């Protein structure tokens, strides 16, 4: 018998004892001998002096009569370990023994399991424990964080019933389970009382164990009680101090103008570094503590479903919240470097955006590709018919244009020589042209929700989602109709201003002379443009002649995150789209907020926009009203500049590597029309908006694109 079998026998016998339902056992009679008091009962053999077993009531006088065992009333469902949870989520997984090392009395086993194309390894003194550790790692790849019962204990066991993504069970079954560890056996189980009030008792119907039971296996649920606040008004700093006494908080930086200061505090917990920012040091300290509680102890103080990440349908290589916080931190850090720790006059901004690239599962290897700011669009009188002015200087639009420069640079790197091909993010596609390497992903960060449909909601009504202000009684949800007719509408930005308005039915075509005579130049909202990228890709029409469609893997918001509204704006409202060309799809990226939401940026928005792409030595500052820099020079991101890059790459790519065969084009407009699959996908997108009753896409005057290449 090997070590594993011995342990299995031992653990199974212990499990039987622990699982015995003591509540169903009759109370001990005073006449019944206690342990060590009675004489051993006879086994039926002769010579025993033990007394006979008394006849039981209802035995019909037969000594060997046995009562039928009563069916035990099912007690509370015991918490499931990681192995059990993973088996329910992904049944039929095969665990492989990779190695066995160490002496006989202290062996070390390494087991592996493949889940979603990834291999996870676990080690332990027995095969069983090694399998358990492998299962935990696998679960962590798509479930947010492991459970920590000590955090719940510090909260006085007042757990919120919303400790997992229950609102998304139908759409995301993989996120049903948050816990990997069973609670401490010394802790009695606590349950919400069946009367639905806030009291706790040791019996009831709704289990608050770390591993929720799938709805299909339980009785009809009772009314959900309201979320519980931290006991005795404990704030994150107090709760963290109970879990890890004596922590030291460090003041890292102070930035911003006098009326809009931003402080950054940090704390180290269990070797992990956490930052928090806020308008004062106290708030920054609390946010640092809150971030630590969420990451280390799986203790989330804001558990409303709308604040939870909306998982992607594609390959998820990273833990959602870890990725979101890392992307935010990287973009803010790069912007700080570029603006001398926010001291530069051009550090002023309302919205900050950036694109981060990951090339594997470790977010430590992530790289900032672009950073930008801005909230305004060009004034109609400054339109350029040579592609020399930027029409839209909103931060997220500028970040994506900066990303295009990086993609051109990577294509040129691949085309240089064979040595550089390994350094490029592109590789040849078996379908013709180029495609991204498998592990390369791009993540879009925006410091607030994009203007347009994603921002049309009231972030503070009511105070708690599903609760009336100043009340502990459940009311109607905060937004009963997140998809009502007013939602999802295409919207346009206001020229030389902020905010958006719904498109008019007759405004789909704009004319050059009409705009010059005083008609407002209309630009589609950022929500609408990002929804467009989720269909046609972020590479645009020109690059699609060389590369397969590229999509964002995640969209991270620094503030004003609401999962329902953001997912509707990004892709749900066009879920009726059909007949897309090959390789084009309706992309559904990860959507997430960050642990420490950015403070609102009060005051008037600056009239400039800054941009930076990896490889640049400094930021470029553009006047958003004119679409050019202060000296009247065109931006490195303008249509003409990017068209020059495209022509240069087009001259280097062998004809057989083009995804679309194209003769030498004469104008920018003709070059874009040559990308026939891209244009077909765009047409399907516009049709989907119209069929859904959301309005017609408004395009710029065609004269803007009728320019030729001039080196």
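Placement of Cβ uses the backbone N, Cα and C atoms for every residue, glycine included.
According to Swiss-Prot, the feature region 'Disordered' maps to residues 176-220, out of the candidate ranges 131-175, 176-220.
Record note: among 123-128, 225-230, 231-236, 237-242, 237-242 is the stretch given as region 'Interaction with substrate RNA' by Swiss-Prot. Swiss-Prot lists 451, 526 as binding Zn(2+), and of 394, 562, 565 the one it places in that same site is 394. Residue ranges 83-88, 89-94 are listed, and Swiss-Prot annotates 83-88 among them as region 'Interaction with substrate RNA'. Cα separation, residue 672 (1D-myo-inositol hexakisphosphate binding site) to residue 526 (Zn(2+) binding site), rounded: 21 Å. For the binding-site residues 394, 400, the greatest number of Cβ atoms within 10 Å around a candidate Cβ is found at 394.
A gap of 7 Å separates the Cα atoms of residue 526 (Zn(2+) binding site) and residue 396 (active site, proton donor). Cα-Cα distance from residue 401 (1D-myo-inositol hexakisphosphate binding site) to residue 451 (Zn(2+) binding site): 18 Å (rounded to the nearest whole number).
Under the three-state DSSP scheme, residue 394 (Zn(2+) binding site) falls in the coil class. Taking the C-alpha positions, the distance from residue 394 (Zn(2+) binding site) to residue 400 (1D-myo-inositol hexakisphosphate binding site) comes to 10 Å.
Largest Cα-to-Cα span within the 1D-myo-inositol hexakisphosphate-binding set 400, 401, 529, 532, 639, 672, 682, 700: 19 Å.
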